[in-house]
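> Following this message is one structure expressed as structure tokens.
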Amino acid sequence: MGEEAAGVRPELVREAEVSLLECKVCFERFGHRQQRRPRNLPCGHVVCLACVAALAHPRSLALECPFCRRACRACDTSDCLPVLHLLELLGSTLHASQAALSAAPCAPGVLTCQHAFGGWGTLVNPTGLALCPKTGRVVVVHDGKRRVKIFDSGGGGAHQFGEKGDAAHDVKYPLDVAVTNDCHVIVTDAGDRSLKVFDFFGQIKLVVGKQFSLPWGVEVTPQNLALVTDAEAGTLHLLEVDFPEGVLRRTERLQAQLCNPRGVAVSWLTGAIAILEHPWPLGTAGDNTRVKVFNSAMQLIGQVDSFGLNLLFPSKITVSAVAFDHQGNVIVADTSGPAIICLGKPEEFPALKPMVTHGLSRPVALTFTKEKSLLVLDTASHSIKVFKGMEGNGG
């Protein structure tokens, strides 16, 4: 068994660790010690003991499964023996794989984490991040009772809105968020497959439904137009909205035949549009990703996928988010590292330069402030991390 384990490819070991050996609530690795022991819920889902305790009511011990919402009590949970046995079986292999990856040559990042805000309870499984261009406030969508959380520029809690519920204006399952030039908040909601627009105080202004199969990524252009990816339809849409009046003026399909497009970003310097695809072809792991960049006329000017990046970088790269810096460089978040990497300008793809190599667990969104600080949404720690120190933002 030892020889077989030693022959397992590191990337397959990492896939097993992510798919089977991490709690999908806190994204911490399961373990034998008390707080990280895997626990079976009666519905069959598995979370760590620490998350069972966090989800349960302190007196009644009642909780809902975070995945299927089936009700149970903390005392109804039990050790997940298959996961515990798998931890024993792969333990030595996982440690050897991680040691090999950490020893791989990699240039140090040029940014360091200055501070973080949010945290478990303040944010619950956050998925999207945006900045208000006028106020500098930070907007996050997450799985809390109020789905939209707004922080001031220093990280203090300002206010929240977007009730969890079944009404047409409620936010059911937010995926991404953007803030317009006139301070309106746009949320993509997978729960009812709609786009929802709020003013900055949380009043609903517009619900755009029946236009999308599964709206995912959302971004705002310098002209105050909304870009929206449709993951199921494989399309990118441009929406012209009178935000103060809450009126949809025009929709235009900018691109079709995309492969499961999710994240979208626009360069305010060049007008270029970057789209993050998850092709997932048969026979490959589900974390294959591809970044496509189009110019303002929607002509493809650059693209790179996981396979191409893995040929150039010492460890596996799985892109989870894309953004542009102030110089027009394409910046991506990597969940395999985890890291933040500059890919350079589209016509130079890929000119890899690590920007952040320490201090992240599972980055899922990123954006730059006017002061050129980098904000990263780390869903594993349920927090926003602020990185500074880079000269020229990777340029």
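The backbone N, Cα and C atoms fix where each Cβ goes, glycine too.
As annotated in TrEMBL:
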DOMAIN    23-69  domain 'RING-type'
REPEAT    111-154  repeat 'NHL'
REPEAT    158-201  repeat 'NHL'
REPEAT    209-242  repeat 'NHL'
REPEAT    245-297  repeat 'NHL'
> Could you give me the DSSP helix, strand and coil counts for the repeat 'NHL' (158-201)?
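Tallied per class, the repeat 'NHL' (158-201) gives 0 helix, 24 strand, 20 coil.
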> Given a Cβ distance threshold of under 8 angstroms, which distant residues of the chain, six or more beyond its ends, lie next to the repeat 'NHL' (158-201)?
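Distant Cβ neighbours of the repeat 'NHL' (158-201) are 127-135, 137, 139-142, 144-152, 207-209, 211-220, 222, 224, 226, 228, 239, 241, 243-244, 246, 263, 365.
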> When the repeat 'NHL' (209-242) is classified with DSSP, how many of its residues are helical, how many are strand and how many are coil?
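Helix (H, G, I), strand (E, B), coil: 0 helix, 19 strand, 15 coil.
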> Do any residues, 6 or more residues outside the repeat 'NHL' (209-242), come within under 8 Å Cβ-to-Cβ of it, and if so which ones?
128, 168, 175-182, 186-190, 192-195, 197, 248-266, 268, 271, 273, 275-276, 278
> Across the domain 'RING-type' (23-69), what does the mean pLDDT come to, as a whole number?
84
